[in-house]
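Going by TrEMBL, these are the annotated features:
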type	residues	note
BINDING	Glu69, Glu94, Asp121, Asp144	S-adenosyl-L-methionine binding site
BINDING	Lys148, Asp180, Thr217, Lys218, Phe219, Glu220	substrate binding site
Amino acid sequence: MSQFKNEQEAAAAGVYIRKIQSFVKREGRLTAGQAKSIELHWPTMGLEHASGLQNFTDTFGRQAPVVLEIGFGMGKSLVEMAQNEPDKDFIGIEVHKPGVGACLGEAAEKGVKNLRVFEHDAVEILADCVADNSLARVQLFFPDPWHKTRHHKRRIVQPEFVQKLRSKLAIGGVFHMATDWENYSEHMLEVMTEAEGFKNQSESNDFVPRPAQRPLTKFEQRGHRLGHGVWDLMFERVS
Ligand SMILES: C[S@@+](CC[C@H](N)C(=O)[O-])C[C@H]1O[C@@H](n2cnc3c(N)ncnc32)[C@H](O)[C@@H]1O
């Protein structure tokens, strides 16, 4: 990238720079049920990156605090949260199509109306589709930990990313992360403690107990039984 200030400048010069992404696109098998859910529910619940900047009041037909979740996996806990907090509107972003299908199916089954979904890279959605100061909360639960040191640069929590995310949160809005990988929890804490404009909501300036709003997953319950840890971090945008 050396002779260019950023990707846009390189693109304008006709140079394609391979971005470091936080995911590797897995083309896992889409089940017939997931495909059917996408066919049935994408028209009402799907949002397109190509549509550009969203006006959430129009998207949901009302004015309510908006919660955005990055990498919702199969979407079970996202749907449960949307159901438990009907006074808020939820946007889920996931690159894995089977997860999108599973989430739409689950939301439809539960009759959840306050949820919309993007199938796209969350970094690009934040940049292109989310207005500044528009989010009440951003959730990042169990992001890919990228265990190997040489892959740590792929971790989504990085100084530049959290500043982009900060501009999308309203003042007073919260960035909520959870991970079961201790080394990643330490990395998150380090990046967030050094990030301008955020205040740690932890009394001990590190981690917070799992807030009741984040459902305990089966995977996590099993982890607890096996003595594995889970670390929650909550940082408020203060400036
Ligand atoms: C380890 S899984 C955790 C899924 C879910 N949050 C959970 O707790 O079960 C991480 C998920 O993040 C998704 N992901 C990673 N980077 C992403 C990005 N930049 N945009 C959207 N989704 C992403 C992956 O496809 C994967 O499904």
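Here the Cβ of each residue, glycine as well, is placed from N, Cα and C on the backbone.
Values in this document were obtained by computation on a predicted structure and should not be read as measured data.
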As a test of the contact definition, list every same-chain residue at least 6 positions from Glu94 (S-adenosyl-L-methionine binding site) whose Cβ is closer than 8 Å to its Cβ.
Gly71, Phe72, Gly73, Gly75, Val100, Cys103, Val117, Phe118, Glu119
Does any of Glu69, Lys148, Glu220 have a Cβ within less than 6 Å of an atom of ligand 1? These are the binding-site residues; tell me which, or none.
none
Distance between Thr217 (substrate binding site) and Asp121 (S-adenosyl-L-methionine binding site) at the Cα atoms, whole Å?
24
Can you tell me the three-state DSSP label for Phe219 (substrate binding site)?
helix
Excluding Glu69, Glu94, Asp121, Asp144 themselves, which residues in that chain have a Cβ inside 8 Å of the centre of the Cβ atoms defining the S-adenosyl-L-methionine site?
Ser22, Phe23, Ile70, Gly71, Phe72, Ile93, Val95, His96, Ala122, Pro143
